[in-house]
Amino acid sequence: MALPWLVLLLALPIFFLGVFVWAVFEHFLTTDVPATLQHPAKLRFLHCIFLYLVTLGNIFEKLGICSMPKFIRFLHDSMRIKKDPELVVTDLRFGTIPVRLFQPKAASSRPRRGIIFYHGGGTVFGSLDCYHGLCNYLARETDSVLLMIGYRKVPDHHSPALFQDCMNASIHFLKALETYGVDPSRVVVCGDSVGGAVVAAITQALMGRSDLPRIRAQVLIYPFVQAFCLQLPSYQQNQNVPFLSRKFLVTSMCNYLAIDLSWHDAILNGTCVPPDVWRKYEKWLSPDNIPKKFKNRGYQPWSPGPFNEAAYLEAKHMLDVENSPLIADDEVIAQLPESFLVSCENDILRDDSLLYKKRLEDQGVRVTWYHLEDGFHGSVIFFDKKVFFFPCSLKIVNAVVSYVKGI
């Protein structure tokens with residue numbers, strides 16, 4: 001009886017070592033680390049760990065143990081959360097939606113600024129615990145009441161769960177600002193990555209709501225704002241840069257929107273977009289809107305392939321304005337509040353920020369743009385990770401703090 005257990009105990013270390021070696025080989029065979037990135041060895045190590053955990057998660061999923069997203073979320077939610085003596089942190093539920101409220105303990109002579117934060121993670125990763133340190137810092141340094149909203153994720157939930165949860169929780173908070181000591185004229189919405197997409201979509205959707213306080217400003221940290229063109233310069237230049245490759249982006253998007261992965265190439269090549277739709281939105285999506293200096297590095301001009309109607313019928317909802325807020329009508333864009341946009345040079349989503357910046361500016365919206373030459377996607381989450389800290393991470397967070405304090 002003891003022999004099978006002995007064999008298992010000997011086999012497990014070999015299995016985990018084998019998976020790690022596979023992840024390291026995958027990293028060096030498929031990943032680009034641009035020369036402008038600081039601490040490249042640290043980035044490579046972290047990306048190897050990321051690939052290792054994703055690979056383990058995929059193996060566990062195939063074995064029926066648990067899904068890869070749930071495995072990763074279990075790991076990052078196991079990290080210890082530090083208590084801040086300057087803040088009161090409360091976990092609440094707005095209906096079924098989990099939220100976390102950060103409130104400064106110190107007395108204030110007037111209602112405080114409010115921040116609604118939507119975390120990133122591609123609808124796969126991220127959680128209230130994972131983003132606790134970032135939101136804690138934002139609330140403390142800006143002396144604001146901050147509400148971080150949790151939302152349903154894959155694999156159990158798909159579109160439009162993310163948008164619905166964030167919208168419903170935001171409305172609930174906006175209707176009860178006095179309860180939380182928030183000034184209705186100073187509410188900022190903020191998010192990173194897919195959370196930045198939520199910022200754009202929800203701010204647009206709330207513009208016509210006369211029964212709610214008007215959003216004062218929106219902060220979008222390397223947002224995903226369009227699913228039409230995945231061949232923009234940054235999508236070509238940074239397609240294999242950590243921590244968001246183009247392959248992983250398309251996979252995450254398909255999983256959330258419940259699109260079969262067999263349509264991956266059609267989405268990548270733009271053949272799922274009807275020609276008349278391309279013509280309608282080309283003025284906003286064209287690489288011609290990207291400044292020339294961002295096209296110098298490895299960009300090949302591109303045009304969509306022949307239209308595939310079957311692919312369109314499968315994937316057409318990715319072209320809805322909730323999933324591609326860049327294409328909102330001019331009348332909607334013109335009503336948006338002042339905006340703070342963060343972009344990173346080594347990020348596949350860099351050009352989403354540049355295109356949205358132009359759309360906002362063309363409609364007279366005041367935009368503050370912060371671009372990091374040494375930045376990469378997901379970098380903001382490392383700002384307080386000590387040995388895994390990157391200078392660009394703190395730069396982003398401090399830039400956001402400085403902007404919000406001016407509201």
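Cβ atoms are placed via backbone N, Cα and C, with glycine included.
The following features are taken from TrEMBL:
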ACT_SITE  S193  active site
ACT_SITE  D347  active site
ACT_SITE  H377  active site
DOMAIN    115-268  domain 'Alpha/beta hydrolase fold-3'
DOMAIN    310-379  domain 'Alpha/beta hydrolase fold-3'
TRANSMEM  6-29  transmembrane segment
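Sequence-distant contacts of the transmembrane segment (6-29) (same chain, six or more residues past either end, CB-CB distance under 8 Å): 44, 47-49, 51-52, 55-56, 59. Of all Cβ atoms in the shown protein chains, 29 besides its own fall within 10 Å of the Cβ of S193 (active site).
Rounded to a whole number, the C-alpha distance linking D347 (active site) with S193 (active site) is 11 angstrom. Taking the domain 'Alpha/beta hydrolase fold-3' (115-268) as a whole, pLDDT averages 97 in the prediction. Note: the Cα of H377 (active site) and the Cα of S193 (active site) are spaced 8 Å from each other. For the domain 'Alpha/beta hydrolase fold-3' (310-379), DSSP puts the residue distribution at 32 helix, 19 strand, 19 coil. Over all protein chains present, the Cβ of H377 (active site) has 25 other Cβ atoms lying within 10 Å.
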